[in-house]
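The structure follows.
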């Protein structure tokens with residue numbers, strides 16, 4: 001309904017000569033003041049919600065990684081949140097600014113890089129969801145198995161994702177430029193005659209590579225992972241791991257479904273624009289603008305899904321919030337009491353058993369020189385009876401001290417004495 005209203009206002013207010021132009025960078029000229037106000041306001045609201053949500057998710061993941069070794073799924077979710085945050089920080093404000101103006105005044109570099117950067121982040125998210133689905137299937141196949149993944153493997157996967165994602169939309173960077181049309185400066189996709197066939201092929205393959213195939217493989221792995229979660233384990237520990245695996249699978253599957261549904265209108269508008277015939281109807285600009293808003297709203301929906309559906313993220317959010325509240329700078333009284341308590345805090349740091357310092361002095365074998373030194377240091381007088389007692393004790397053979405059956409020897413000694 002709102003899109004239809006936008007379409008009516010745009011068709012009546014927009015210059016008919018602009019209909020055949022392929023705009024870029026979010027530039028859509030229109031004389032409708034309502035259209036210029038509502039779309040930027042929606043984008044600002046999406047940015048605020050998504051910014052707070054993604055910061056919470058990133059803070060929780062970094063806090064968990066600081067406490068222990070990061071997992072592959074957590075690293076991929078972190079990559080997803082970073083891509084969302086990048087879109088909300090760098091792309092959505094530019095889109096809102098471009099929508100609010102009838103002339104392009106954001107510069108040549110922003111015109112060339114705007115669409116490329118958006119599609120790079122979106123393709124990176126799409127590829128990340130595929131890898132998440134694969135890892136989720138591996139985890140669901142054997143939840144009790146502890147998989148150790150090196151940091152090198154995690155970094156290699158992330159670098160590969162961003163490299164492929166940045167190369168796929170590269171033609172948009174090449175052919176987006178600023179042009180003057182009827183005295184108005186615009187950001188357009190200007191394809192020369194030599195590259196028309198190549199760009200026609202790009203317009204068909206890019207949606208398949210960035211959206212169609214990743215969605216197919218992600219659905220395949222999520223379906224297999226969910227099928228594995230239906231098999232009940234026999235042991236209590238396996239059942240607990242299986243329940244957790246099912247929760248993770250459902251959460252990540254929800255991320256994939258919501259992302260696909262909110263991204264689908266943008267692909268409809270994109271294909272419509274890229275395959276527009278000379279005499280064919282142009283897509284309504286209200287539909288194009290709303291499809292962009294829905295695409296950016298994915299970045300706000302993802303952190304909400306994580307925080308609502310994952311108990312781990314909710315507990316992590318509580319832990320981070322508690323850590324932020326309880327972490328206060330030491331007061332003057334506490335800083336003055338610290339030196340006095342240092343002597344009591346040192347024994348808590350017990351050295352390792354392998355080190356010589358871990359053996360207390362009272363348990364070390366005493367030598368005559370050390371015993372003499374301690375006696376002289378203490379200056380305690382030795383009585384004659386005590387000295388004779390220790391002298392007789394030292395002269396007793398060590399075999400009797402270590403005799404496991406001393407009662408038999410005592411009987412023998414007693415018998416010899418009677419004889």
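For all residues, glycine too, the Cβ spot is worked out from N, Cα and C.
Per Swiss-Prot, the feature topological domain 'Extracellular' maps to 1-41, 93-116, 175-201, 274-286. The annotation transmembrane segment is assigned in Swiss-Prot to 42-62, 72-92, 117-137, 154-174, 202-222, 253-273, 287-307 on the grounds of sequence analysis. Swiss-Prot lists 63-71, 138-153, 223-252, 308-419 with the feature topological domain 'Cytoplasmic', giving sequence analysis as the kind of evidence. According to Swiss-Prot, the disulfide bond annotation covers 111-187, on the basis of sequence analysis. According to Swiss-Prot, the feature region 'Disordered' maps to 330-419. Residues or ranges marked as compositional bias 'Polar residues' in Swiss-Prot: 332-341. Under the heading compositional bias 'Acidic residues', Swiss-Prot lists 410-419.
What's the neighbourhood like for each of these?
Through the fold, the transmembrane segment (42-62) approaches residues 70, 74, 77-78, 81-82, 84-85, 88-89, 92-93, 95-96, 99, 293, 296-297, 299-300, 302-304, 306-307, 313, 316-317, 319-320 of its own chain, all at least 6 residues removed from its boundaries and within a Cβ separation under 8 Å.
Residues 43, 46-47, 50-51, 54-55, 57-58, 61-62, 64-65, 114, 117-118, 121-122, 124-125, 128-129, 131-132, 135-136, 139, 147, 149, 153-154, 157-158, 161, 248, 255, 296, 298-300, 302-303, 306 of the same chain, all 6+ positions outside the transmembrane segment (72-92), place their C-beta atoms under 8 angstroms from a C-beta of that stretch.
Taken residue by residue, the topological domain 'Extracellular' (93-116) breaks down under DSSP into 16 helix, 0 strand, 8 coil.
Under the DSSP three-state reduction, residue 187 (disulfide bond) is assigned to strand. Remark: residue 187 (disulfide bond) has 23, 24, 25, 27, 98, 104, 106, 111, 114, 176, 177, 178 as non-local neighbours, by Cβ distance under 8 Å and separation of at least 6 in sequence.
Within the chain, the transmembrane segment (117-137) has long-range Cβ neighbours (under 8 A, six or more residues past its boundaries) at 72-73, 76-77, 79-80, 83-84, 86-87, 90-91, 157, 161-162, 164-166, 168-169, 172, 206, 210-211, 214-215, 217-222, 224-225, 228, 248-249, 252, 255-256, 259, 263, 295, 298.
For the topological domain 'Extracellular' (175-201), the list of distant contacts is 15, 17-18, 21-25, 27, 29, 98, 102-106, 108, 111-112, 114-116: same-chain residues at least six beyond its ends, Cβ to Cβ under 8 Å.
Cβ atoms under 8 Å from those of the transmembrane segment (202-222) belong to residues 119, 122-123, 126-127, 129-130, 132-134, 136-137, 168-169, 171, 249, 252-253, 256, 260, 263, 267, 270-271, 274-275 of the same chain, restricted to positions at least 6 beyond its ends.
The predicted model assigns the topological domain 'Cytoplasmic' (223-252) a mean pLDDT of 76.
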Counting Cβ pairs under 8 Å that are 6 or more apart in sequence, does the total for the transmembrane segment (253-273) and the transmembrane segment (154-174) reach three or more?
no
Which sequence-distant residues neighbour the topological domain 'Extracellular' (93-116)? Criterion: at least 6 residues beyond either end, Cβ under 8 Å.
24-31, 35-37, 39-40, 43-44, 47, 169-170, 172-173, 176-178, 184-187, 289, 292, 296
